[in-house]
Amino acid sequence: MKCIAFNRTGTLLAAGCSNGSCIIWDFETRGLAREFRDKDCTAPITSISWSRYGHRLLASATDKSLTLWDVSNGEKIARITLQQTPLRASLQPGYPTPSICLACPLSSAPLLVDLNTGSTTVLPVSVSENGNPPAPNSRNKFADGTPPFTPTAATFDKHGDLIYVGNSKGEILIIDSKTIQVHAVIPIPGGTVVKDIVLSRDGQYLLTNSNDRVIRVYKNILPVKGSGEEIRNISNDNSDYESHYDKLKANGASCLILSCELSDAITKIQWKTPCFSGNGEWIVGASANKGEHRLQIWDQTGRLVKILDGPKEALIDLAWHPVEPTIATVSVTGFVYIWAKEHVENWSAFAPDFVELEENEEYVEREDEFDLNPREEEAEEVVIDENAEIDIETYEKNTVFSDVEDSVDGIVFLPAIPSPDAPDEQPEKCLGSSSKLEDSNLSGSPSSMDAVQNGQAIPQASSPMEVDNSTAEDPAEGPNSKRKRRLSVKGLEMQQSDKGKKPETKNKSNGKNAKSSAKQMDSANGNSSAFDDEATEDDEINIDI
């Protein structure tokens, strides 16, 4: 994974991958909910952006493409190819299904792109003294001859009426998204390149990340709703100024006020992908050093409150959960790490009358505590109207998400789509072994065990139940039948000595034993079956006598 973004409610986490696909994780269950894959795009994803209500997802890739996805059905809505590689792209907020996006290319000015028609509008990145924006040339230089600017950062305001652009001169330009006119300019102390510009969730604060290793937080004076109309009223002021640029600077002073500056005074490190917390009270910045996964968190006054150290992997992107104190970061290896508060077990939450003890205390029991019928305290009777109607449809909205446009239903959760199991590689072999299993069951398994007891080798079968029936005995012999024990020569002699009292019987037995001894010699040469048959005949003769 290369980049991540939470939806508006924080229940879904979208990520762009290095193979060009986009995936959506269910942040509550940590399970994969959706995967969007475009056969035309196999380049790594550079940024990913949700629409305001979660119905659409925009992804920019290194192959200069912008792809818009429908989250509910997973279909591709539009695909646009730009002239430059877009490093970041965001959909215009304030609309349920937006079709306008703001793209920040690698080496050109920010663009407003209409995803339906494919038309693009170049935004101004600087203002000259006479008020006209300088015409960009082939080398992307300013009219005053300054060197080519680095990638320019830009972002929408909360409702998409204004666009804040940070340029390489160290200025913040406030542009009307409809007329593409610059209404205000805010110079940044130091005048260094602006790498990142981020607006808080509630639209009250704005931060910039500059090359001078300082994160600056500005307070927005403009109203959150109707900021476009308000800035047009400020711009129409007919006060006298020496130049048009001075007028824009005066307008900027009525829009943003510098609140605090954040930096590491000891190491003077560069910052990467800073952002606000969900409620805008905290600012987090990541170290841009290679092989360092470190986060620093400040409050609105600029006081450092927390330092988080992670694995020895460089950090490339991060996102703060909209509601919970949770941060998701992406390392250069492609893993996403979740930073959350360490919760302490509170047993009183399960049982309100449970009292936690720091040390052991001697317990004194009540007089009737262990009686069979203890004296119960009389509880006050609560009058409950069982006939009252219960409203199960009306619910109180969360103040974090309650806006004017909340009449539109947003996507909070995605239904799980079960993936089918992979089919077996050799189904025919399974069917064949099952048929052999039935054959082996019909042949009588106890006979195979008898063959093992007799010392006969059973050939190895392809399946556990596949046994050669040639080693088994006659199938007519039932499974519950008992085999006669083969007696040895000495055993036969002892049996005849106990039973036989007549001399002729003993002589006859000796004769038979001699014959059986000869047969035993033949069995030593491999004729074991003949010995078994002869021994059976001897047993029958002895029994008759």
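Here, residue 1 is simply the first one shown, and the rest follow in order.
Glycine is treated like the rest: Cβ placed from N, Cα and C.
According to TrEMBL, the repeat 'WD' annotation covers 1-35, 45-79. As annotated by TrEMBL, region 'Disordered' applies to 415-545. Sequence annotations record features per position, and here TrEMBL assigns compositional bias 'Polar residues' to 432-472, 520-530. Feature annotation from TrEMBL assigns compositional bias 'Basic and acidic residues' to 496-507. Taken from TrEMBL, the feature compositional bias 'Low complexity' applies to 508-519. Annotation source TrEMBL lists compositional bias 'Acidic residues' at 531-545.
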Six or more residues out from either end of the repeat 'WD' (45-79), which same-chain residues have a Cβ under 8 Å from its Cβ atoms?
2-9, 12, 14-18, 20-22, 24, 34, 36, 38, 85-91, 93-99, 101, 103, 113, 115-116, 405, 408-412, 414
What is the three-state DSSP composition of the repeat 'WD' (1-35), stated as helix, strand and coil residue counts?
0 helix, 19 strand, 16 coil
Would you mind splitting the repeat 'WD' (45-79) into helix, strand and coil residue counts from DSSP?
0 helix, 22 strand, 13 coil
